[in-house]
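A short write-up of the structure that comes next.
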Amino acid sequence: MERTEDLIELCLFMGKIMQQNGAETYRVEDTMTRIAQSFGRYESQSYVTPTGIMFTISPGAHAKLVRVSARETNLEKVNLANDVSRKIASGDMSIHVAYKELRKIQTSPTDYTMLMQIISATLASGFFTIMFQGSWYDFLPACVAGGLGFIALINFTRLFEIKFVAEFVASLLIGFTAFSLFSLGIGKEVDKIVVGSIMPLVPGLLITNAVRDLMAGHLISGLAKGAEAFLTAFAIGAGIAVMFSLF
Amino acid sequence: MWIEYAIASFFASAAFGIIYQAPRNTLIKCGLVGMVGWMIYAFLVWKEVDSVPATLTASFVIALVSQTLARRSRTPMIIFSVPGIIPLVPGSLAYDAMRNFVLNDYSAAISIAAKAFMISGAIAFGLVFSEVLNQIMKKMRQTKAQVR
């Protein structure tokens, strides 16, 4: 009996880690059923949404639920969780070892320092401006605006409980920086600068994942992700528009 | 212009790899996947193909390349495909649509938003299509093995 409970906990924990770090919905469901299968449970059912996961090991057994309250994209953790599930499937790992391993993954610090992430957001902003046919004159102002916006996003996400407020404030800052630099004569096309520097905030991945989930038949996940993407896009657009009307 | 595009898309994708915490040894591959996708897209748009089919083609190729890389290094495919599709993602269109909404130009906003939706649909369709192709190949290989 104890073994079944442990197995359920393991499946749920695995699902939670994958869902929190940006794995696709179908992959989360697939991994959970596979783990159950490798311990001889062929009739498990899982129901995964962006905000919570339900799992039952066999028909008639009680269902368990975990809440997923915050989501981010951390591909390293998805990769590590995938390794663990691979080892479980090939029979190299027991339930207890796997659980410990997953706990280690969840609490492990991020691989890149905050500074490295800020630098990459800065450079990404500049290069996106170039990709959107901006000139090299726009590279530097886009870097400055994008980097400041990303720093603001990280800090305000800690400060405010609501993610969209942080995104709104960050895009206000981006708009302010871009328009002030432009009015000081730095940069050629203010539109390209703004578009490049908001790219680190834009919910592009979320939009794509939403459509993909809808196509795969995960209708609730798709709509939920779509709603999240819409709110983020709205926050960013509103922040820029405020600055647009001021300058 | 093409060299600029190649450099910019490589570094933008690799930088997104860092933002999304991709494992260190995959960063260069992430950059290359993004570069391949963006070059295909930019080339097709330059040849006056509409941006929706161009995006579809690019994301299909990105998914194929990501699957090959994922199979070779035994990692989930999204490690390569997520940073790779970032350049294609209609972030600037979504922003443009929202800006028009907030400035009360609703008709322009709706048409841009529809375009952004079509492009994200094209990305998703390209990814799904290559996944389906992969599954069919896998099934064919399995049935072959069973026949033997």
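The backbone N, Cα and C atoms fix where each Cβ goes, glycine too.
Keep in mind it's a predicted model, so treat the numbers as computed, not measured.
The feature domain 'Threonine/Serine exporter ThrE' is assigned by TrEMBL to B:6-132.
According to TrEMBL, the feature transmembrane segment maps to B:6-23 (among others).
Residues or ranges marked as transmembrane segment in TrEMBL: B:30-46 (among others).
The transmembrane segment annotation in TrEMBL covers B:52-70 (among others).
Feature annotation from TrEMBL assigns transmembrane segment to B:77-95 (among others). Under 8 Å from some Cβ of the transmembrane segment (B:77-95) lie the Cβ atoms of residues 9, 12-14, 16-17, 20, 22-23, 26, 29-31, 33-34, 36-38, 41, 55, 58-59, 62-63, 65-67, 69-70, 112-113, 115-116, 119-120, 123, 127, all in the same chain and six or more residues away from its ends.
With a threshold of 8 Å between CB atoms, the same-chain residues lying at least 6 positions outside the transmembrane segment (B:107-133) that come near it are 51-53, 55-64, 67, 81, 85, 88-90, 93-94, 96-98, 100-101. The feature transmembrane segment is assigned by TrEMBL to B:107-133 (among others).
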With helix taken as DSSP H, G or I, strand as E or B and everything else coil, how many residues of the domain 'Threonine/Serine exporter ThrE' (B:6-132) land in each class?
107 helix, 0 strand, 20 coil
Using a Cβ cut-off of under 8 Å, list the residues of the same chain at least 6 residues beyond the transmembrane segment (B:6-23) that approach it.
30-35, 37-39, 75, 79, 82-84, 86-87
What residues elsewhere in the chain lie close to the transmembrane segment (B:30-46), defined as a C-beta under 8 angstroms and at least 6 residues from its ends?
2, 5-6, 9-14, 16-17, 22, 53-55, 57-59, 61-62, 65-66, 69, 79-81, 83-88
